[in-house]
Amino acid sequence: MIQKPQIAWGILWAACSTLLGNAAQAIEVKVQPTKVRLGDTVSILVTPDSGETLTEAPTVKVADKTFPAFQVAPNRWRALVPTTPLEKHGRRSLTVTGNQQTRNMLLWVGSRRFPTQRIWLPPKKKITVKDPNYEFRQADKFKAVVTPQKYWNGTFVRPNAGRSSTGYGVRRYYNGVFAKDYYHRGLDYANSTGSPVKAAAAGKVSLIGRESEGFRVHGNVVGLDHGQGVGTIYLHLSRIDVQPGQTVASGQVIGAVGSTGASTGPHLHWGLYVNGQAVDPSPWLWRGFD
Ligand SMILES: [Zn+2]
């Protein structure tokens, strides 16, 4: 069942369209936010046409990549799609299949300017670590966690009271060379060592790493799984107050600000991952994705 692509700029209600004239099979697709920009999390909400049911997970594809859809209420399914500063702005194909109907649409992702920083690094210090990739393998495992259960409710809370020092998406030149794969994958809060770090939302501890165990970049780190492909990570901690697998409440203290790992002064680096990609956490603080 093919139809001409529709522009999904703004809230998109896909009209029902079937070759068989069987309106019972129709689905509606709603895209939020109304204007997507690079770094945004895109919510793709799929519901059946009025009076109908949608009891099986629809398939949601953006640019031929499939994203998991979870039931958020009876007959309401949602996929969360990340966008990042490394992508090109512009249109992507959005294909949603449910109740044997396929809808072909276009998703528009607007451009956004990210500030740049110029960093001059001294010659590398010789650090001997038994397995330098251990921390990155652990971090990759954290980013790959997708739990069907949704642990969070409502908006996320600011994990530290400190001043915002570096924003999301900042690009860098290292020693004059543009780092094309680098963007600041979170928000930094400058604060004094020992200042409490709170869980941004309810979740489960899915990563604990310590500088003493080889986390020389992240430093002491906690990762939380909030369910449905959403996770948050807290870097450079001076202290860790939680255990692997522990359930935490929104706002619960999980550790303290520090300067462990690759850090030039006490601050919290807070990252938010959606299906493996670091998105801008800000919309999760002010509007949320419930
Ligand atoms: Zn940072």
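A Cβ is built for glycine as well, from the same backbone N, Cα and C atoms used for every other residue.
These features come from TrEMBL:
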DOMAIN    183-281  domain 'M23ase beta-sheet core'
SIGNAL    1-26  signal peptide
DSSP helix/strand/coil residue counts for the domain 'M23ase beta-sheet core' (183-281): 3 helix, 50 strand, 46 coil
Arithmetic mean of per-residue pLDDT over the domain 'M23ase beta-sheet core' (183-281): 97
